[in-house]
Amino acid sequence: MKLFLNVLAVTLFLLDHGVSGVETDRVSVMEGDSVTLHTGVQRNQQEDIKWYFSGTRIAQISGDLIDICTDVQCNEGTERFRDRLKLDHQNGSLTIMYINTTDSGLYKLVIISSSSISETIFDVSVTGVSAAEREEVNEGESVTLDPGVTKHPNDVMTWFFNDSLVAEVTGDQSKICTDVQCDERFRDRLKLDHQTGSLTIMNIRSTDSGVYHLQINSSSSSFSFRRVKSFSVSVTSSGLSSDAAAGICAAVAVVLLVAATGSVVVVYCRRRRYTQAAQNNDDDDRKDIPLSNGMPLNQTQASASN
């Protein structure tokens with residue numbers, strides 16, 4: 001009898017106040033993202049907001065009181081959402097941090113006011129991701145780090161290296177190296193594609209090795225999420241700095257120049273000796289030319305004078 005009265009009371013309340021149609025929003029995110037499910041309202045003190053996952057209440061806000069994971073099933077057993085839920089006091093939006101594939105499913109939002117009850121269903125699908133992408137390049141080459149996702153007009157993509165911001169693209173606007181340290185390291189060597197968000201490092205150096213993080217902030221009317229991707233870049237060094245390489249090139253050029261000059265001198269000297277030897281042979285031949293009487297020319301001249 002008591003159960004019947006409770007059901008009757010709920011039915012009369014719904015008939016009197018009405019229940020709005022249940023809407024379903026589909027949310028697709030990747031493992032490790034932080035996703036926020038929006039209520040779309042600015043709550044007042046008279047409204048109660050409750051969040052459910054697979055029939056289990058995981059968060060609620062009533063007046064000034066916020067409760068997260070008050071049900072035993074929420075925090076015990078699998079401890080599914082321990083320390084990973086955040087509820088906005090102003091609008092009741094629910095944030096799930098570091099979401100994983102086991103968090104996929106239906107999330108139900110119930111907003112109870114003095115005049116109505118509204119429900120919204122969020123069908124959340126979580127896709128697994130691979131480990132950090134690895135890029136191996138040689139010093140002096142160029143490498144492009146591709147987000148691998150479709151960029152939306154409202155997305156904000158931010159690139160970090162060693163926790164320092166190196167590039168950011170918002171809509172069709174982009175900026176590179178806004179601080180001095182970044183500008184000194186990557187001066188004129190970074191290129192950002194504002195259409196895809198991909199980052200290109202040109203004339204890469206061994207000191208550019210490390211992990212680059214891409215943070216993507218995306219939002220819509222019903223939900224928003226923050227995604228972080230990692231790229232591990234390994235640069236193989238040639239073993240020589242640019243100054244050392246320039247010095248070696250200069251030294252080689254000098255050696256080649258000296259060698260070329262020496263070759264010219266050797267050829268000149270050999271040719272000079274050859275010419276001198278040929279001239280001496282001609283003089284000796286003229287001295288030994290015989291006349292018709294069988295006497296050398298110098299002896300004939302001496303006899304004629306006597």
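Note: Cβ is positioned from N, Cα and C throughout, glycine not excepted.
TrEMBL labels come from automatic prediction, so no person has curated them.
As recorded in TrEMBL:
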{"type": "COMPBIAS", "residues": "295-306", "note": "compositional bias 'Polar residues'"}
{"type": "DOMAIN", "residues": "24-127", "note": "domain 'Immunoglobulin'"}
{"type": "DOMAIN", "residues": "132-236", "note": "domain 'Immunoglobulin'"}
{"type": "REGION", "residues": "278-306", "note": "region 'Disordered'"}
{"type": "SIGNAL", "residues": "1-21", "note": "signal peptide"}
{"type": "TRANSMEM", "residues": "244-269", "note": "transmembrane segment"}
- Residues in the domain 'Immunoglobulin' (132-236) per DSSP class, helix first, strand next, coil last, are 10 helix, 56 strand, 39 coil
- Mean of pLDDT values spanning the domain 'Immunoglobulin' (24-127): 87
- Three-state composition of the domain 'Immunoglobulin' (24-127), taking helix and strand from DSSP: 7 helix, 53 strand, 44 coil
